[in-house]
Amino acid sequence: MRTLTVDLGDRSYPIFIGYGIRQQKALFDDAIHGKQVMIVTNDTIAPLYLDAMVSMLSADYKVDTCVLPDGEVFKTLEIYGNILTALLEAKHNRTTTVIALGGGVVGDMAGFAAATYQRGVPFIQVPTTLLSQVDSSVGGKTGVNHPLGKNMIGAFYQPQAVIIDTETLLSLPQRELSAGMAEVIKYGLICDAPFFDWLEQEMPALMSLDNDKISDAIYQSCLAKAKVVAQDEREGGIRAILNLGHTFGHAIETEMGYGNWLHGEAVAAGSVLAIDLSWRMGNLTEQDVSRSVALFQAAKLPVLPPQTMTLESFVERMALDKKVLDGSLRLVLLASLGDAIVTSDFPMEDFNDSLSDALEASKQAHIV
Ligand SMILES: NC(=O)c1ccc[n+]([C@@H]2O[C@H](COP(=O)([O-])OP(=O)(O)OC[C@H]3O[C@@H](n4cnc5c(N)ncnc54)[C@H](O)[C@@H]3O)[C@@H](O)[C@H]2O)c1
Ligand SMILES: [Zn+2]
């Protein structure tokens, strides 16, 4: 088992990574302080992993469960309210512990319920998708969507512990594995050039879920995220580098309709756009660009935007993105491979050329 700590003073917490560790009761015992536990999961994950967790914890705790409908469309105030209702109906008090068993949707919603139930009760993340293991379970962003915007309601609220069981990845659909890999590659690009090199070597092993390799990749990713979060918990500055490819990506996600392009797929195509722009500005070599494209492709991710989009649709969507400050579009770009910067200082002509060329290449790729 690998262990690391997210260093946030008295809100610091451990991240455990290992095969089968969702069955190690001692990890839970250390993070649970009361006698009540509420496991929140969804109806896809429940048949796979819920019973075993309930039996394990029932030996020492009063365990209740709350099974949500699966899907980003259910990441709403209404379904979040159902978690609070379940807690109240089962008479959970302020010493209860909420356990989020699932991907980022379950983690964000259960975390927000924990942040707000009786003004805050402890919670534990047990992320079961690669994306949630390397990204959403670490760093304390919790919340739900509003019809007018994604993740528009929420709180910063850190868990007591993150328990990452790599065995759960065995049941994950390949497309979801790829989507999570986009965020893994992101860490190499923004802050860890040696990790990027290592990913180039190991991507085939990672895609076939070699356990040692995937545990290392998750460890390095969590380490990168934990370091950034420790410096800037509430995204006043450096934490924004974690959004490489995300402003372009959100434009793709919203334009195509949520769910048609997975978040990680949109981030991959969006990162390639940010990388191309960084190259046009003279920050990267052509080889840096081709290596990055090849790495996303090795993870079975798209590297071009949808051919149905236009320059105008990108600009319109990106102008609405919450990262736009004072009217100027701020982007995460690379100063070099392994070093990101956040800036609104880029030539508009290069920005337009990056998008136009990629959209043209996407059209060509569909004609062939
Ligand atoms: N809080 C943060 O910092 C943060 C960061 C990134 C993303 N997010 C949020 O995370 C969400 C996306 O998370 P996600 O990619 O994990 O999606 P998800 O939670 O929707 O999970 C993807 C799919 O995989 C299924 N699944 C989960 N684990 C499985 C397993 N082990 N085996 C089989 N199927 C499994 C889920 O039921 C779902 O159908 C978005 O809502 C996004 O806003 C939050
Ligand atoms: Zn992301």
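Think of each number as a place in line: the chain as shown, counted from 1.
Using the three backbone atoms N, Cα and C, a Cβ is placed for every residue, glycine included.
TrEMBL annotations: computationally assigned, not manually curated.
Among the features that TrEMBL reports, domain '3-dehydroquinate synthase N-terminal' is placed at 66-178.
Marked as NAD(+) binding site by TrEMBL: 70-75, 104-108, 128-129, LYS141, LYS150. Look at VAL106 (NAD(+) binding site): DSSP puts it in a helix. VAL106 (NAD(+) binding site) is surrounded by 30 other CB atoms, counting those within 10 A of its CB over all protein chains shown.
Note on the domain '3-dehydroquinate synthase C-terminal' (180-324): its mean pLDDT in the predicted model is 94. The domain '3-dehydroquinate synthase C-terminal' annotation in TrEMBL covers 180-324.
Within the same chain, residues at least 6 positions away in sequence whose Cβ sits under 8 Å from that of HIS263 (Zn(2+) binding site) are LEU131, ALA179, GLY249, GLU253. According to TrEMBL, the Zn(2+) binding site annotation covers GLU183, HIS246, HIS263.
Among the binding-site residues LYS150, HIS246, the residue whose Cβ has the fewest other Cβ atoms within 10 Å is LYS150. The Cβ centroid of GLU183, HIS246, HIS263 marks the Zn(2+) site; residues of that chain outside this set whose Cβ lies within 8 Å of it are LEU131, ASP135, ALA182, LYS186, ASN243, GLY245, GLY249, GLY264, ALA266, VAL267, given in sequence order. Counting only the Cα atoms, the space from GLY104 (NAD(+) binding site) to HIS246 (Zn(2+) binding site) is about 16 angstrom. Secondary structure of the domain '3-dehydroquinate synthase C-terminal' (180-324) per DSSP (helix as H, G, I; strand as E, B; remaining residues coil): 105 helix, 2 strand, 38 coil.
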